[in-house]
Amino acid sequence: MQLPKVVLLLCAAALLLSGAVRGCGPGRVVGRRRRPTKLSPLSYKQFSPNVPEKTLGASGRYEGKISRNSERFKELTPNYNPDIIFKDEEITGADRLMTQRCKDRLNSLAISVMNQWPGVKLRVTEGWDEDGHHFEESLHYEGRAVDITTSDRDRNKYGMLARLAVEAGFDWVYYESKAHIHCSVKSEHSAAAKTGGCFPGEALATLESGEKIPVSQLSPGLRVLAMDNSGRPTYSDFLSFLDHSPKEEHMFQVIKTQDPHRRLFLTPAHLIFVSDNYSTPASEFQAVFASSVRPGQYILVSNVVGLIPAKVRSVNTQTNYGAYAPLTQHGTLVVDDVVVSCFALVQKQRLAQIVYWPLRVLYNLGIIAGTQPSQQMGIHWYSKALYHLGRLILHGNEFHPLGIVQLES
């Protein structure tokens, strides 16, 4: 992170602070119109995000072919957007059928194409496939994928078309062929489409009294076990929830350790402190995405003597209900006896702690009240605003793809 980026984010945070003092919400920032972000085209055979299509970090697993006679056919909706040209080789209208998520992304992309190249429209060459023309388990069979070009079929535009598709919110974009761009989305009910940076509601936090309570029951005024900048255990004020979604199903990483045994559920985009060596001081453990933790690495856990390294035995995924992301004064927290960050989405713990400083000031001064669980649903407005500001300053690759899905859907 270069210093100017930090300064810009701090300035953005200061703007949010002044807006919050005036109206308890992000509002509209008045000032000069921002310069458009410079976009870089995708290269031939490049895909984004840089993971396989049918994985958690992209469009998710194949869920089965949809036919006109199947129950799931009702999940498909026709797209009659006049700004999109559908090739419709089959003359059945099949290419117009797609899931709502795919339709929303495609309509957004159509606007971007017209803005990028006046007089040019988006063209769909393949949408839902009912005839079996694609490879086995293709997302075309579920209406979750489209192959696209520009209406003028200028192949020099296709790299930028792919980039525009990424920006439009497609969950996976592939410069698959010199003749088209392939785009796909998550299923409508996929838990993978609902992953911010959180813990399940039954995960336990440790109070200053020694009592352990579910994170869902945290409230302002409580002090919870955390880690300070020196890597020592401390008790930190709970301020608010950065995410509070008690009823939604989410996908969690399940990290298990040995010597001592611990088990932690957290979403893939959340930060956790990791080292490759047992002898690394606690203060030098690095904050990384939970999705990048591997067996054999070490994470920090709490026991009677303090915070110690524990070797990761296994990492897998599991769905669970409820998602809570507590914010503390120190930006860290001990959940289920494992040290974790309060932050997610960007793999920069120190930067996150800095840009959340204005929000902590608001709570400490009593200008805004701490969040009671019943008062907030979903992602905190400050987190959403910081995310959108960060997208103007940081490179897209610095964001976890699943966090982007959560904040842009």
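Note that Cβ sites are derived from N, Cα and C of the backbone, with glycine treated the same way.
The signal peptide feature in Swiss-Prot is assigned to 1-23.
If you look up Swiss-Prot, you'll see C24 marked as N-palmitoyl cysteine, on the strength of similarity to another entry.
Sequence-distant contacts (6 or more apart, same chain, Cβ under 8 Å) of E126 (Ca(2+) 1 binding site) comprise K87, D95, H134, H140, A145, V146, D147, H180. Swiss-Prot lists E89, E90, D95, T125, E126 with the feature Ca(2+) 1 binding site, giving similarity to another entry as the kind of evidence.
The feature Ca(2+) 2 binding site is assigned by Swiss-Prot to E90, E126, D129, D131. A strand conformation is recorded for E126 (Ca(2+) 1 binding site) in the three-state DSSP classification.
Annotated Zn(2+) binding site per Swiss-Prot: H140, D147, H182, in sequence order. According to DSSP, H182 (Zn(2+) binding site) is assigned to a strand segment. The Cβ of H182 (Zn(2+) binding site) has A145, V146, D147, V173, Y174, E176 as same-chain neighbours under 8 Å, each 6 or more residues away in sequence.
Among the features that Swiss-Prot reports, cholesterol glycine ester is placed at G197, with the record citing similarity to another entry.
Annotation comment: Swiss-Prot describes D243 as site 'Involved in cholesterol transfer', evidence class similarity to another entry.
For T125 (Ca(2+) 1 binding site), the same-chain residues lying six or more positions away in sequence with a CB closer than 8 A to its CB are K87, D95, D147, I148, T149, H180. Annotated Zn(2+) site H140, D147, H182; additional same-chain residues within 8 Å of its Cβ mean position, judged by their own Cβ, are T125, E126, G127, H134, S138, L139, A145, V146, E176, H180, C183, S184. Considering only the recorded positions E89, D95, D243, the Cβ with the fewest other Cβ atoms within 10 Å is that of E89. For D131 (Ca(2+) 2 binding site) paired with E89 (Ca(2+) 1 binding site), the C-alpha to C-alpha distance reads 12 Å. For the binding-site residues listed here (D129, D131, D147), the lowest count of other CB atoms within 10 A around the CB belongs to D131.
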